[in-house]
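Novice: Just dropping this structure here.
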Amino acid sequence: MKTIKVNIVTPDGPVYDSEVNMVIAKTVTGEMGILPGHIPTVAPLVVGAVRLDSDKQTELVAVSGGFVEIRPDKVTILTPSAETASSIDLARAKEALNRAEQRLQSKQSGIDFKRAELALKRAMNRINVKEGNI
Ligand code: ATP
C-alpha cells in the first residue's frame, strides 16, 4: 500500500514524523481524508484529533488548530501545540477542563470567554485523544 510522509511541528519542535497510509484532519470546513497523491492544498485546522492510519496501527495526535499543508508525497501540520496520546497527562487536561468550565460559568466581570472556550476545547480534545474517543 502506498504511503505519505507526515510531519507534525510545533514552536517547541517536531511531535510526529512518520510514513502512513492515510491522514484524517479536522479543518474549519470539515473533516479531510488525505491519501498519497493528494493535490497540493493548504487548510486551517480546528482544535481536534489528527488520525494517522498505517498498516500496523491507528494513532491519534491532539492538535490545537494551525494549518495543514498537503503535497502529493507529504503532509505538514504546523500547530501551536500537539500531543500524541501517550504523552498526554490526563489529570492535567481534566484540571484544565474544570478551570475552563468554572470560568465559563462565572458571573464575574473581566472573564475572557473566548479564551476560556478555547481552553475548554483543547482540554476536551486531549481527554478524547487520551481515551481514544473520537
Ligand atoms: P494547561 O492549562 O494545562 O497548560 P493549555 O491548554 O493552556 O493547558 P497549551 O497552552 O495548549 O496548554 O500548551 C502548553 C504546552 O503544554 C504545550 O507544549 C502542550 O503540548 C503542553 N500540554 C498542555 N496540556 C497538556 C496535557 N494535558 N498533557 C501533556 N502536555 C500538555
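One is the number of the first residue shown, and numbering goes on along the chain from there.
Glycine is no exception: its Cβ is also placed from the backbone N, Cα and C atoms.
OK, TrEMBL features for this one:
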| type | residues | note |
| --- | --- | --- |
| COILED | 90-117 | coiled coil |
| DOMAIN | 4-82 | domain 'ATP synthase F1 complex delta/epsilon subunit N-terminal' |
| DOMAIN | 87-130 | domain 'ATP synthase epsilon subunit C-terminal' |
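Distances, neighbours, how buried they are, the whole picture for these features please.
Specialist: Taking the coiled coil (90-117) as a whole, pLDDT averages 92 in the prediction.
With helix defined as DSSP H, G or I and strand as E or B, the domain 'ATP synthase F1 complex delta/epsilon subunit N-terminal' (4-82) counts 0 helix, 59 strand, 20 coil.
Under 8 Å from some Cβ of the domain 'ATP synthase epsilon subunit C-terminal' (87-130) lie the Cβ atoms of residues 47-49, 60-62, 64, 81, all in the same chain and six or more residues away from its ends.
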Novice: For the domain 'ATP synthase epsilon subunit C-terminal' (87-130), what are the DSSP-based totals of helix, strand and coil residues?
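Specialist: Helix (H, G, I), strand (E, B), coil: 35 helix, 0 strand, 9 coil.
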